[in-house]
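Residues or ranges marked as compositional bias 'Basic and acidic residues' by TrEMBL: 274-294. The compositional bias 'Polar residues' annotation in TrEMBL covers 296-306. Taken from TrEMBL, the feature domain 'AMP-dependent synthetase/ligase' applies to 3-139. Residues annotated as domain 'AMP-binding enzyme C-terminal' in TrEMBL: 189-269. Here TrEMBL flags 274-306 as region 'Disordered'.
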Amino acid sequence: MYSAITDHGVTHMCVAPVLFNVLLDAHRDPLPRAVEVLTGGAPPPAALLERVERLGFHVTHAYGMTEATGPAMVCEWRERWDALPAPERAALKARQGVSAISLAGADVKNLKTMASVPRDGTTLGEIVLRGSSVMKGYYKNPEATDAAFRGGWFLTGDVGVVHPDGYVEIKDRSKDVIISGGENISSVEVEAALYGHPAVQEAAVVAMPHPHWGETPCAFVALKKEFDSGAGEVSEEELVAFCRSKMAHFMVPRKVVFVDELPKNATGKVQKLALRERARGLRPRDSDKKKPDPTRPTTLTALSRL
């Protein structure tokens, strides 16, 4: 890829986040000139964006889907962010952004009331879209069409928040949220923490059964080549401890499974359904412990109640 970028004088390119790992594996020195990159298809972890930008790739994150005819939101960059430290800039770039000009609107709503969630960066809702670029419906499937729309808004199935500056950030797919003891755990947030470990190449987090909490996070991790080949031993205990230093203990994976690579479909998206099936047969590390986690909040916030 680097030779093609150099030989053809590439200045702009579009890639899925999964290809960032390919770029990082193949090269370590910064590019002779900056390359603008548009990425989408999956929420890119901030730690991954930070490493890619060090090589000279200037990343713009877009969010969209077939039903919305391409990009529906773009994380438009603000000049005032240029002076921020690299980790903060990467965290801002990882957000899904604001409505594209092709849409009449994008919002995050409480599906019970269809009211917009507060712009506090913490209140969860479902991302909804409307406008002339949104489909009229699914071909010859009126039932699916009725289920996909509410009050003129298309329901994306993505759970997110709105920050005070109006930028939307995905927290998870509704089907991927882990509900542990009545509390929502964003698999995307746990994955982002794992990507911050220097040995982690890829990470995917899914729900696994837990005898006391119902569900608990299970992480599937592929290590970077230099660590996988014995340059540095990385254990399940180390990754669990690393996550504990980054988040509330009830969000920490109760199981870490090391794999050569994560299963993906033809477009590079991780096949979490296959991982969930595998996780069903695994046993969490703390399954024999009956003492409640003291860090677990007591307020129930299950997404099914939105």
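FYI, residue positions are counted from 1 along the chain as it appears here.
Just so you know, glycine gets a Cβ as well, placed from its N, Cα and C.
Since the structure is predicted, the reported quantities are computational estimates derived from the model, not experimental observations.
Note: the domain 'AMP-dependent synthetase/ligase' (3-139) comprises 39 helix, 40 strand, 58 coil (DSSP; helix = H, G, I, strand = E, B).
Mean predicted confidence for the domain 'AMP-binding enzyme C-terminal' (189-269): the pLDDT average there is 91. In the domain 'AMP-binding enzyme C-terminal' (189-269), helix, strand and coil residues by DSSP number 23 helix, 26 strand, 32 coil.
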